[in-house]
Amino acid sequence: MLRNYPKNLIGPRTIARTTHTSCYNGGSIKTYVEDQVKAVTEWFGSDRFQNIKRTYTPLDVVKHRGSINPCEVIYPSAFPSRKLFSLVEEHFKDKKPLHTLGVLDPVQMTQLSRCEDLKVAYVSGWACSSTMVGSTNDVSPDFGDYPYNTVPNQVERIMKAQQMHDRKAYLEKFMTDQKSSSNAEFIDYLKPIIADGDMGHGGPTTVMKVAKLFAEKGAAAVHLEDQLVGGKRCGHLSGAVLVPTGAHLSRLISTRFQWDIMGTENLILARTDSCNAKLISSDIDPRDHSFIQGILNPSKTDRWADKLLELERKEVDKSIIAEAEKEWYDQNKLYTYEEMIQIRFTESEYKDYLTRKDKYLQTQGKNFLSVREMKNIATEVNSTKRLEFCWMAPRTKEGYYMFKGGMEPAIRRSLVFAPYSDMIWLETKTPDLEQAKSFSKEIHNTYPHVKFVYNLSPSFNWTAHGFNGDKLKSFIWDLAKEGFVLQLVSLAGLHTNAASFWDLAKNFQKDGMKAYVDKVQKIEKQLDCDVLTHQKWSGAEYMDSLLNVVQNGSSSQTMSTSGESFTENQF
């Protein structure tokens, strides 16, 4: 539990925050801006950002900072973000996991902190949405529809508790060493916090505000997923709607730009839900065209949206609409454009198409085709064959397009996101080591430095996926060998909270205090859980020490941890 901070965290702050520290105070702005641009340029070129790509210049950053130099403002996330970056780099190099559990509150945070090998903490949007929506107190499932300050506020709550318990531990260490030389453990309560940024909660300016909040509240890293605002679902629910590849890329760029303006080094975790997605909001991005599905022979059928409108106009029962929808999609099988080509072409024609496609992609230096380019190549192969296809017809009532999710779109999107992010998160529907290996290999063929995130989700029925005891135990470490450094049980706090309290409640109703003693106090003693003495855990002795200083030592009658009323002396 002893702290082992990387040496580069102890020295001077990064160059962008140390060079030319004076703020602009009037007069010619040219020299000041030139100095700041030079500092930011050097900062962008530092080891921290050696693999990060930006679409904007240092001048773009400087001219949006205002007259106060970032070196004059130390954000709560400054130290944790640098600490996390060093941890990620170290564990990636050693092929070891940086694994952790999602925490709900300061209690869980402190217990996690006592575990030396759990070096980071995680705050889940799902957990916040279902347990603590501070500004409205209106809890609900994870549809991303909570106020965007919800998770940042939870991060601040956890971070301030970390700081409190750190101060308490520091004082305890000081007092112990004053009495005698001691090698007592010093718990590292300052675990970097990884936080759930959902889909950014809006357009670029909203995303920037959310990023700013996270930096101000203490999050070392934030993950952003490629789902649609308003169409967001938990990654393990159906009905999630993707945004175009470029739309999510804009979120990543907006987040980095905001943090650059602030002079912070928080980490971006780019998550894709495209492995399991069935819908996408728009066909605007050619990089998505290969996966948008349509129907054959569109001239012979009405669009689903038209049929739906007609049914609604007739005010038919909802059950009839549901039945009609199922019938429409059963009768109109969905295909991607290239699947349609494969069906319409002969085997030799389709091989010719693939050969021409590969040659064209090599010539263009890219890995995707727009639907127009696919049509052109198909016409080169056979200009007389009629290729009827329409991806407008099966669109949903909201206008969403059908999308063929899977590993290929997840890999394609991750390759686009990787240069603009610090880690890549592949959201999966099963715990599959072989799938993870395949994904890692494809990404590392292009970007060998990329680190991955894996959701060890409690939504998975782990025992139903063929794991024996040894494979279950080694799963995290096996994943780490493939570059999945950061691994988290996102809702661990929620489930342990429910399981332990349910166990107590169902026994307490009949057995009374026997149940409490058996299920809580005895267990706390057996496990050496420091919340057994909850007054000490909460910092009562620390507060007494503060009062002793303020009252100049004359506080013996007002001390909270002395006298007959202090019941923790019983333990």
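From the backbone N, Cα and C atoms, a Cβ is placed for every residue, glycine too.
Computed from a predicted structure; not experimentally measured.
Here is what TrEMBL records for this protein:
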BINDING   Ser124, Gly125, Trp126, Gly235, His236, Arg271, Asn455, Leu456, Ser457, Pro458, Ser459, Ser490  substrate binding site
BINDING   Asp196  Mg(2+) binding site
ACT_SITE  Cys234  active site, proton acceptor
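Recorded features from TrEMBL, shown on the structure.
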residue : record                 : Cβ within 10 Å
Ser124  : substrate binding site : 26
Trp126  : substrate binding site : 22
Asp196  : Mg(2+) binding site    : 28
Asn455  : substrate binding site : 23
Ser457  : substrate binding site : 20
Ser459  : substrate binding site : 14
Asp196 (Mg(2+) binding site): nearby binding-site residues from Ser124, Trp126, Asn455, Cα cut-off 10 Å: Ser124, Trp126
Three-state secondary structure, which DSSP defines for Trp126 (substrate binding site): helix
